[in-house]
Amino acid sequence: MEGAALEKSGINISANYTVPMLLVLLLAHIMVEYFHNLALFYDEAYYHFWSTQLDFGYYSKPPMIAWLIAATTSIFGHAEWAVRLSSALLYFCTALVIRQIAMRLWQRTDVADCAAILFFTAPLIGFNSLFVTTDAPLLFFWSVAVWSFVEALKTRKWIYWVSLGVTLGLGMLSKYTMCVLMIGLFAYIGLDKAERKSENTLGLLLAVLIAFVLFLPNLLWNAAHDFISFQHTAEISKLNQSLLHPLRWLEFTAGQVFAFGPVAFWVLTVWVWRQKLSATTLLLMCVTFPMLLAMMVQALLSHANANWAAPTYVGGSLLAAYWLVERGKFAVLKAAMLVNVLLIGLFYSYPQIQSALDIEPTKKNTPYQRVSGWRELVLAIPEQPQDMIYLSDSRALLSYVHFYRSDFTQGSGIQVRSFNPSGIIKDHYQLNYPLTARYNEHYLFLSETPKALHGCFQQVQALEPVSVDVYPTLTRKLYLYQVSGFNGYDGC
């Protein structure tokens, strides 16, 4: 009967079609990435560097992103698409988990299928599927944690509390904002009288304890490094600066409209609140809106990137799909899916659209400008001896040169060092790969601007700069210096 309602509406979705449809979308994400052949963004190259030095923690993030890149590149090699592969795969798996959550909550394939498709066609998911970020593992473990929690409440089996603890811990090893889900789960148990039982409280406390044990290696790593990751998280929140920024709040809110899709976001934030507050609705609200509200407050007080609220759309897809299907709003449902697919298609085919319309790409009219030209620029650096150490005060340049100049088929990357006269640690290279005073070492210094280095080194030879014309309005340029005999920073 459920499928009949959808078919009558003109939406041909059923259990027989949904998974193949999601697989087609997954293949599209991977093929676009492969054929676009986009250079890595410097954060991606940075994470790739981490993946060659596996640890329980890194300067700005927990270790999961590095572990995932190490896994995919060990199987498929170190091409850009292989570095990014885990993102699309994890978003696909998240969509499948969302479908299972819906089936457990409502026993309705129509709601389950629509929720999975709404999530996987969200513009933010389509965009992030082309890049490797910490959001992909975060959303996957977030969804599995919600599924485990639902199963624990429905079956009263302790194995699901254990599953919840494991996924909460792995989520914390992906991104620290996983802790917001724990708050939402405790809130639900406190607010729902039927579930306000000592058994559930003990189960959730057990899950938190298991999560803490799994998270402990990263906590110990941070303790050994002056809790540098938490310092960085506090710094990027910018809560120590002037507060109240309504324009930034508007920018963040507009970003959410396009992150989930304009129609889907409208349904989630306006229409969903009109439905009767059942236990299921309360649960989904508790795992959905705390993150969105927290990031909206963060945006108002200082700054928040649009993707910081990404976990909102795990529960958001379930809420929106149920509301639309239950009320027969099939025209709105079709519009939500169509708009999302069109937005993703526009982003994926943007270069081809520009070419077809004879629009010359510039620095301001293409979404890919931030990743364009870096690969060609680094490859234009003259050949250096194999034992050359690359030196820079830019984590972006160190990341790019390590990725694009290393021969990973030989099992090792080039050596890099961070030039840091200020002594203030702001990235992983400054933390673990600082320049030390070894007289006999020779370096190739890389900079996007000219440098006066004669006071820092006993020998300095400026090489011919290399440059790449990316667009008529964008040229990337590198200044190169062969240096040796580091005098220490006092002379700089």
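Including glycine, each Cβ sits where the backbone N, Cα and C put it.
According to TrEMBL, the protein has these features:
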type	residues	note
TRANSMEM	20-42	transmembrane segment
DOMAIN	60-221	domain 'Glycosyltransferase RgtA/B/C/D-like'
TRANSMEM	85-102	transmembrane segment
TRANSMEM	114-138	transmembrane segment
TRANSMEM	158-189	transmembrane segment
TRANSMEM	201-221	transmembrane segment
TRANSMEM	252-273	transmembrane segment
TRANSMEM	280-301	transmembrane segment
TRANSMEM	307-325	transmembrane segment
TRANSMEM	332-350	transmembrane segment
For the transmembrane segment (201-221), sequence-distant contacts whose Cβ falls under 8 Å of one of its Cβ atoms, 6 or more beyond its ends: 55-57, 62-63, 148, 152, 158, 161-162, 164-166, 168-173, 182, 185-186, 189, 229
Long-range Cβ neighbours of the transmembrane segment (114-138) (under 8 Å; 6 or more residues past either end): 6, 11, 13, 18, 21-22, 25, 29, 32-33, 36, 38, 41, 43-44, 47, 61-62, 64-65, 68-69, 83-84, 86-88, 90-92, 94-96, 98-99, 101-102, 170-171, 174-175, 177-178, 258-261, 264, 306-307, 310-311, 313-314, 317-318, 320-322, 324-325, 333, 336-337, 340-341, 343-344, 347-348
Tertiary contacts of the transmembrane segment (307-325), as residues 6+ beyond its ends and Cβ separation under 8 Å: 2, 5-6, 94, 98, 101-102, 105-106, 108, 110-112, 114-116, 118-119, 122, 124-125, 128, 133, 135, 138-139, 142-143, 146, 177, 180-181, 252, 256, 259-260, 264, 267-268, 271-272, 275, 281, 284-285, 287-289, 291-292, 295-296, 298, 332-333, 336
Touch test for the transmembrane segment (252-273) and the transmembrane segment (332-350), at least 3 Cβ pairs under 8 Å: yes
Close approaches to the transmembrane segment (85-102) from elsewhere in its chain (Cβ under 8 angstroms; 6 or more beyond its ends): 18-19, 22-23, 25-26, 29-30, 33, 68-69, 71-72, 76, 108, 111-113, 115-117, 119-120, 125, 128-133, 136-137, 139-140, 142-144, 146-147, 150, 314, 317-318, 321-322
Intrachain residues whose Cβ lies under 8 Å of the transmembrane segment (158-189), provided they are six or more past its termini: 61-65, 134-135, 137-138, 141-142, 144-146, 148-149, 151-152, 195-196, 200-201, 203-204, 206-215, 218, 229-230, 233, 282-283, 286-288, 290-291, 294, 308, 311
Same-chain residues near the transmembrane segment (20-42), Cβ under 8 Å, at least 6 residues beyond its ends: 13, 48, 80-81, 83-85, 88-89, 91-92, 95-96, 116-117, 120-121, 126, 129-131, 348, 351, 368, 370-375, 395-396, 399-400, 403
The domain 'Glycosyltransferase RgtA/B/C/D-like' (60-221) [mean pLDDT, rounded to integer]: 97
